[in-house]
Amino acid sequence: MSQFWSAARRAISPFEYGDPLSAEGFWGPPTSTIDWCEENYVISSYAAEIINTVTNLIYVYFAFNLLLSTIRNKHGPIFLVVSLGLFIVGVGSWLFHATLWYEFQLLDELPMVYFTWIPFAYVLTVEVENRTAKYLIYLGVVSSMILFTIIYMFIYQNPVLHEVIYGCLNLVLIYRTIVLTNRYVTDKAFKRFMFRLLLFSLSEVSLAFLAWNLDTVYCSSLIELRRLVGLPLGIFLELHGLWHILVGLGIHHFILFTQCLNAWYRKKQAHYQVKWWLGLPFEIYLVSPNGKEIQGLQEKSARAKE
């Protein structure tokens, strides 16, 4: 049996991992406060964590996709800001995992929080008509961002602080979008579709969180197993890379959910429809730019793939 396994393994996954201690790597020793479970420089001497690096392409892809879709379908400035944030996070995380430099760790972590704070502020103020009250909320958000940055960079450089702040912002953001959906989406069938889309997005992020924790808790066992199965099969056991992919998909589907909400809030739902790809919502697209009403984001569209 052992000979059969060895032969099968050599046929399917013939390459061996390198020695993580045999070379310092192109970028030198890590300076980041986090070093993930993927062994450093075992596949390429030019990227400390090559799988964690490459999987960040999903953020760059969805950033460009969102940018073009926002311009083409007139979703509004907030989604341009979100697309910029997603791109910066993708590039920052790419550089961080490639180098494991502390400077690029900050370029990964800080934009994650900043570009969550911006839509967070938007959903808090979207119904506020008093200009002074709106400015005070924005001032509070900007002050909080500055305070967090100072504390995280100079006083308490523990990644747990970043994770807690990021998690709390997302919880409030999700809660507010649920409240706004119940308030503005009046078509019951389409509201059910939206909440299914939200649940699907949250399921993707929950699976990503599970992968992240398994990667952390069982790191030594995963390293042994990866070395046992070799390359390329070992790539599928890089669970932090899986975290990147699942979070990217979860963010994409959550953005589609908020674009539906945005159309209903602006009373433009009759001019948009859902574009499907591989059985999943892929884009909220403008089908009636000249004001002519069609069925739009209502019962017919929601039931299209039921």
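Glycine too: its Cβ is placed from the backbone N, Cα and C atoms.
Residues or ranges marked as Ca(2+) binding site in TrEMBL: Asp35, Trp36, Glu38, Asn40, Glu49. A sphere of 10 angstroms centred on the C-beta of Glu38 (Ca(2+) binding site) encloses 28 other C-beta atoms. Annotation note: Glu38 (Ca(2+) binding site) sits in a coil segment as assigned by DSSP.
Under 8 Å, Cβ to Cβ, and six or more positions away along its own chain, His244 (Zn(2+) binding site) finds Asn52, Thr55, Asn56, Ile58, Tyr59, Ser93. Look at TrEMBL and you will find His97, His240, His244 tagged as Zn(2+) binding site.
TrEMBL lists 50-71 (among others) with the feature transmembrane segment.
According to TrEMBL, the feature transmembrane segment maps to 78-100 (among others). Tertiary proximity for the transmembrane segment (78-100) is limited to same-chain residues at least six positions away from its ends with a CB under 8 Å from its CB atoms, namely 27, 30-32, 35-36, 38, 40, 46-50, 52-53, 56-60, 62-64, 66-67, 70-71, 107-109, 111-112, 114-116, 118-119, 122, 244, 251, 255, 259, 262.
According to TrEMBL, the feature transmembrane segment maps to 112-128 (among others). Long-range Cβ contacts of the transmembrane segment (112-128) within its own chain (Cβ-Cβ under 8 Å, at least 6 residues beyond either end) map to 78, 81-82, 84-86, 88-89, 134, 137-138, 141, 144-145, 148, 162, 165-166, 169-170, 172-173, 176-177, 180, 258, 265.
Remote same-chain partners of the transmembrane segment (135-155), defined as residues 6 or more beyond its termini with a Cβ less than 8 Å from a stretch Cβ, comprise 106, 109-110, 113-114, 117, 120-121, 124-125, 128, 161-162, 165. Summarising the annotation, TrEMBL assigns transmembrane segment to 135-155 (among others).
Long-range Cβ contacts of the transmembrane segment (161-181) within its own chain (Cβ-Cβ under 8 Å, at least 6 residues beyond either end) map to 109, 112-113, 116-117, 119-120, 123-124, 126-127, 148, 151-152, 191, 194-195, 198, 202, 254, 257-258, 261, 264-265. According to TrEMBL, the feature transmembrane segment maps to 161-181 (among others).
Long-range contacts of the transmembrane segment (193-212) within the same chain, counting only residues at least 6 positions beyond its ends with a Cβ under 8 Å from a Cβ of the stretch, are 174, 177-178, 181, 185, 239-240, 242-243, 245-247, 249-251, 253-254, 256-257, 260-261, 281, 301-303. Positions annotated as transmembrane segment by TrEMBL: 193-212 (among others).
Same-chain neighbours of the transmembrane segment (242-265): 52, 55-56, 58-59, 61-62, 65-66, 75-76, 78-79, 82, 86, 93, 119, 126, 174, 177, 180-181, 184-186, 190, 194, 197-198, 200-205, 207-209, 211-212, 215, 271-272, 274, 280-284, 296-297, counting only residues six or more beyond its ends whose CB sits under 8 Å from a CB of the stretch. For 242-265 (among others), the entry in TrEMBL reads transmembrane segment.
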- Should one count Cβ atoms within 10 Å of each candidate's Cβ, the binding-site residues His97, His240 would be headed by His97
- Message: Can you tell me the CA-to-CA distance separating Glu49 (Ca(2+) binding site) and His240 (Zn(2+) binding site), as a whole number of Å?
- Response: 10
- Message: These are the binding-site residues: Asp35, Trp36, Glu49. Which one scores highest on other Cβ atoms within 10 Å?
- Response: Glu49
- Message: When DSSP is mapped onto helix/strand/coil, what comes out for His240 (Zn(2+) binding site)?
- Response: helix
- Pull out the binding-site residues from the set Asp35, Trp36, Glu38, Asn40 whose C-alpha sits within 10 Å of the C-alpha of His240 (Zn(2+) binding site). Trp36, Glu38
- What other residues of this chain sit with their CB within 8 A of the center of the CB atoms of His97, His240, His244, the recorded Zn(2+) site? Trp36, Glu38, Glu49, Ile51, Asn52, Thr53, Thr55, Asn56, Ser93, Glu238, Gly241, Trp243
